[in-house]
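**Student:** Have a look at the structure that comes next, please.
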Amino acid sequence: MPRDYQTEKEKCKTFLQEFYKDDEIGKKHFKYGVQLANIAHREQVALYIDLDDLAEEDPELVDAICENTRRYTNLFADAVQELLPQYKEREVVHKDALDVYIEHRLMMEQRGRDPNEMRDSQNQYPPELMRRFELYFKAPSSSKARVVRDVKADSIGKLVNIRGIVTRVTEVKPMMVVATYTCDQCGAETYQPIQSPTFMPLIMCPSRECQTNRSGGRLYLQTRGSKFIKFQELKIQEHSDQVPVGNIPRCMSVYVRGENTRLAQPGDHVGITGVFLPMLRTGFRQVVQGLLSETYLECHRLVKMNKSEDDELGTEELSEEELRQITEEDFYEKLAASIAPEIYGHEDVKKALLLLLVGGVDNSPRGMKIRGNINICLMGDPGVAKSQLLSYIDRLAPRSQYTTGRGSSGVGLTAAVMKDPVTGEMTLEGGALVLADQGVCCIDEFDKMMDTDRTAIHEVMEQQTISIAKAGIMTTLNARCSILAAANPAYGRYNPKKTVEQNIQLPAALLSRFDVLWLIQDKPDRDNDLRLAQHITYVHQHSKQPPSQFQPLDMKLMRRYITMCKRKQPAIPEALADYLTAAYVEMRKEARTNKDMTFTSARTLLSVLRLSTALARLRLEDVVEKEDVNEAMRLMEMSKDSLLGDKGHTSRTQRPADVIFSTIREMVPEKGARSVKYSEAEQRCVSKGFTPAQFEAALEEYEELNVWLVNQARTKITFV
């Protein structure tokens, strides 16, 4: 059915002028009228027409826009251009070069024109040159996001809504929209609107004067009078869960212009609304590939999406009720247990993973960067759910990458030099660690990686950058990500007869870069095995964790809370400095006496600081407290105990009471009163992984032996 586009334009005008929504007090709020006033005064550039609003007024017009988007974009733009003078209440203060250029031309033309001749002087200017705004459509909420491979020939020219992951982003460059030429003979100006990616510049002057005199004036391009717009090309690829069995993920080129540029980075999950169009080939390529045509998506709206759900990346604050739900008592245990609730046990491992998601605080004293991100290595026997924990963290983190050891080369992890198909230049393409910037990079089967590829990670784990010198490109890329690695011991299973170094077989330089190295052993234990088997069979039957008193938190809620925690920048107070120093010296002393311990260096102290600041962030506090340091020390101690296994308990004194006694004895000052504060002794023992009940039992036992006395107020332990 043929359409009268003039009446359609009038409909567009009516909608822009008359559409309103009632606010809370019942007052009419003209949504687009306010935006038109902002555009008229140059306070706003992009105007987004929400098709849900238009559907309330005229559903037929919405269908027409979705079918023939390019035409209606121009109709709406013309309607806005005609309406702008009504909304202009004052002169624009800051004029750009094009304003001055056009005003000057209008004045020159009025002087040289016959006063009796009635003619609109702006007619000769193309509408694209006069527009100072961009117009885009926002797809109706009823339209479902499509997969890249479902966008086919029947979608050409229509408004489509697709989801995918950005794999490549070009630099933003100026793109010519209107070319302005000046004649060297008559001085007349000629304008050439450009629609396609390439164009043939005009050479001969088409003005009446040159045609009459046959002077053959030549045209020269005036860049000051031409109009340019920002242009960027994205490559998006469909999600791995959208790819059919045995197929390779499909890609699509997206052309982004104006205000939509610089919104996405490689690795972002995005939803794009745009017009699906064929690419017009000209020149030599048309001769070579005359029958083939490329397609692309002209972007109208680009939003970042969550990784696993279809909703936009929520930046809204948590409500008070949601905060109360999270921060009730035992919230630390509750948050940790909400990580992979289907997996049984591993409470301390989950706590460490929670701290990895929150992260510590970055420090940059005088340009030297001390990282805040926490790196964790999970090592263990086969079948202890290491990979499941990794894949859950990959889904939970707002920004993450998942790779495996054998499937990743050093270049694939860091950066590769590629040839740009558009310009032919050599460009850098970021690998998994660059794509996971400000997020988490999960590397499974870490022990299976080639040594040459593993060395690529060393710089990232401490300096958080990737330095490149390839193909004439010398640069440094940011890779501020936490690394979560999972590895199997050297002999398939952990061999208790071998030392820790022989079992792990990773270089000390790499091990010291991991803040927490956790060994998860699969030891036979009847009660534990029974509970685990019941848990697994229930999960297998019902596809959810067994019912319990504890209700795990929703993944979306956790993601928003973690984002909120990351905004905090807690500092370590002066009062805790001595306590931390003493604790570190104690750890070094213990490492010296126990030959089988992991490598303890100054990085271990930094690890404690990172874990402490992450715990303070989790409580939404600005200052680190003693409890945070004790919990950080406890986690470090538990991870070391996991490495020592049975050997550790035999190498130490057998009973916990004896270890607690030696710990308290070491706290006694060499000179002065032979007494220790009760609270300090308890904190030191708890930080070493003992429970308060074990501490109390040891006190009573040695008090009966008359080794020490505890006063009635239980504030002081005095040695006899």
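Cβ atoms here come from the backbone N, Cα and C positions, even for glycine.
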**Student:** Motif 'Arginine finger' per Swiss-Prot: which of the ranges 236-239, 512-515, 644-647 is that?
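**Tutor:** It is 512-515 that Swiss-Prot describes as motif 'Arginine finger'.
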**Student:** Match it up for me: which of 15-42, 183-210, 407-434 does Swiss-Prot list as zinc finger?
**Tutor:** 183-210
**Student:** Give the maximum pairwise CA distance in Å, whole number, for the residues TYR344, GLY383, ALA385, LYS386, SER387, ASN488 listed as binding ATP 1.
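**Tutor:** Farthest Cα pair among residues binding ATP 1: 20 Å.
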**Student:** In the same chain, who gets a Cβ under 8 Å from the zinc finger (183-210) while lying at least 6 residues past its ends?
**Tutor:** 105, 124-126, 128-129, 176-177, 216-222, 225, 279-280, 282-283
**Student:** Indicate whether ASN488 (ATP 1 binding site) is helix, strand or coil by DSSP.
**Tutor:** coil
**Student:** Of all the binding-site residues given, LYS386, ARG513, which residue's CB has the most CB neighbours within 10 A?
**Tutor:** LYS386
**Student:** For the C-alpha pair, I'd like the distance in angstrom between ARG603 (ATP 2 binding site) and ALA385 (ATP 1 binding site), rounded off.
**Tutor:** 28
**Student:** Go ahead and report the DSSP secondary structure tallies for the motif 'Arginine finger' (512-515): helix first, then strand, then coil.
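**Tutor:** Taking the motif 'Arginine finger' (512-515) as a whole: 0 helix, 0 strand, 4 coil.
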**Student:** With DSSP as the reference, give the number of residues of the zinc finger (183-210) in helix, strand and coil.
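**Tutor:** Counting residues per DSSP class in the zinc finger (183-210), I get 3 helix, 7 strand, 18 coil.
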